[in-house]
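Chemist: Next up is a structure, given as structure tokens.
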Amino acid sequence: MKRQCRIWLPKPLSSTDDDSTPHSLLFGWFVSHSSSCLDVVVAFITDEVSLSRGSSLQEILSETNEMMPLTLPDKAAFTLLGCYDTCLSANGNAPKNATDEDGSYGSLCRYSCGCHKVDGLLEEFRKDSLSSHWIHMVHDSSRERGIRMHHIHWNEDVVSQCDVHVIVYDTPVFGSHHFSLSFWNASPQTKAPLQKPNWVNDLHKRQPLIEMETVILSINCAASAEIAYKKLSTQLETSSRKSSVTYLISTLAWWLLATLLSSLSSLYYSLLQLIYVLSSFPIFSWGRIASKRLLKNTWINFRVRSCQILYWPTLLQENDTRSISCVEDAEKASLQRHSTWSAMAVDLVLGNLVGLGLLFNTGSVCSWLFHFAKEFTNDILRSGCVWLMGVPAGFKLNTELAGVLGMVSLNVIQIWSTLWIFMASFIFYLIRAVAVLGITFGATVSAAFVIDVITFATLHVTALHWAITLVYSHQIQALAALWRLFRGRKMNPLRQRLDSYGYTVKQHVVGSLLFTPLLLLLPTTSVFYIFFTITSTTINSVCMLIEFAISIVHATPYAEIMIWLVRRQRFPCGVWFEIEHYKKNILSSSNDSPEKNPFRMVSNLRSNFLSIGQILLPHYTTMFSGISASSLTTSARGVLSGKRMPSKLGLDLPPPRPWMHMPLRQYWILCHGSIISSSEKGSNHDLSLEKELPKASQSSSS
């Protein structure tokens, strides 16, 4: 069977022209998919001298694998891949007798390498490696990228004739870029050659995602593996940054910022704990219960904001040390850590903008509210009820029933308007309360308070809508039951179906006497029901719009948006190959077997990137998970049958967390330490990995 090999090379190695080190070692991963397909992921290159000064190779490889993600060592272990030679003579050219007639460098293996009979230090390295494979790479300036595979020890076979696909990649770095196989229906950007080899088509037919998963994971761990290897092989102490003026100023600025934010968060923490303790006293329990019923939305959003203030320093800390090794996992963990405080910061900024605007324009807002309430009460509610008591839109209604419904509605509106005249003096303080809530706890809490205020201020409209809905729904149900009586049908509630039933003559007579007045009074009831349904639905729509804005503020990933605007490469979605070179062996004849007619291809690994819509879509999809088309259809049908529409959308909010208690000083230290550690991880991710290396070494030695 023809063997196929893909060699994944970091870009610095593929473009190096340094001949000062004749013999170097390749480290990385062998990913074997079958007996005839092998992926060689090269992480970095190093010289033999640096390894000879350190510990044994087996200990270094074992400790390095312990630093990798849990799923990677099970599929492919980090190991010594082979050697890399310049293969040049003293005059800078390859020996003339080094190549065979087919140009495959077969005799060069016996000429310069001697891998069949390796002795000395290299033999010890091969014995300590964790794989049965061994690859020999050579430098050749006449070839593409200046590097080529000389031969490979494939289990117990020495293979120099196989299809080789060299893929050059940029080493992933935290905060810069990485690779990912998650697709978002991105359009393919592959640049294919005029004639694609058959073995490449075969690779695409064999579900490349399954094979590429381990390869991409290895590539994302290449930088961390190099740091871990160099740290363990040279036995250096933890690297420290240069004490430059810039670094000292940056450290001082971060320390001052951490102190300021920790003090501010501690002030919030003290206020929240005081509110929680006071609400737990029996003397204030009735007030807490009443406020939770009247200000239900405010309490829900206040609990969400309280949990964010209590838990943001805990969420900002790094818990999984293995996630540091894989750049993709580190990026996801970083975005998850920064999502809570970024959402809270944006909410507080919006709340301060709205709150300060209300504080400076309280008088104007009060006058506008009085004018709007007067127009809504007189021009819409009262005028609408008077209009319905006459001949609305030319419909001839029952005068007595329309008069009764209209007078009841006008009396309720007048009573509620009189009560609001006495409560008008509190509007000024109510606007101040909305402003203070926005400045203190953010725009979402103040917006939720506005929803509760609107609900309480329009309680008379809700009561009238509930009463007329009760009358209309019972009238519809009675007409439907009487219509079934005339058809000889009866509703079976157990089986939810209509069964045949024989009614008596008396039942038909009574049904006829009831059906006629109910049917004739239905238009009068319907117009009042339609009027108050439209009014109540308009008020509920305003509340739903504010609720929608609150959910948008909670669900928007502000950290991801800001990072996407600065560096889009941190959001990859799928990989593609940019073909750089492809050809067959030009010295081979058409009668040769496939084993003697190998292909050679050189490609660059590229990434597609997410758009801003693709970043926001998963978060907003989760937010609208509780809303479906069937629920909207059911609500629309319910309006026709006299059922009330829901007053809330039921959008998803951040889940509540258990209340947390700790001493104030301990909370301040936790906030301060979280900010300082986050600044170090954000500015130097490699330093975080180096800090974890001594822990791994101590655990392995113990």
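Using the three backbone atoms N, Cα and C, a Cβ is placed for every residue, glycine included.
Okay, so TrEMBL annotates it like this:
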type     : residues : note
COMPBIAS : 682-694  : compositional bias 'Basic and acidic residues'
REGION   : 680-702  : region 'Disordered'
TRANSMEM : 245-261  : transmembrane segment
TRANSMEM : 267-286  : transmembrane segment
TRANSMEM : 341-360  : transmembrane segment
TRANSMEM : 401-422  : transmembrane segment
TRANSMEM : 429-451  : transmembrane segment
TRANSMEM : 463-486  : transmembrane segment
TRANSMEM : 507-532  : transmembrane segment
TRANSMEM : 538-559  : transmembrane segment
Chemist: Checking distant contacts: for the transmembrane segment (245-261), what same-chain residues at least six beyond its ends satisfy Cβ-Cβ under 8 A?
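Modeler: Non-local partners: 671-672, 675-676, 679, 683.
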Chemist: Taking a Cβ cut-off under 8 Å, which residues six or more beyond the ends of the transmembrane segment (463-486) line up next to it in the same chain?
Modeler: 405, 408-409, 412-413, 498, 503, 507-508, 511, 514-515, 518-519, 521-522, 525-526, 528-529, 532-533, 535-536, 641-644
Chemist: If we skip the immediate neighbours and take only residues 6+ beyond the ends of the transmembrane segment (341-360), which ones have a Cβ under 8 Å from one of its Cβ atoms?
Modeler: 305, 308-309, 312, 315-316, 431-432, 434-446, 553-554, 556, 558-559, 562
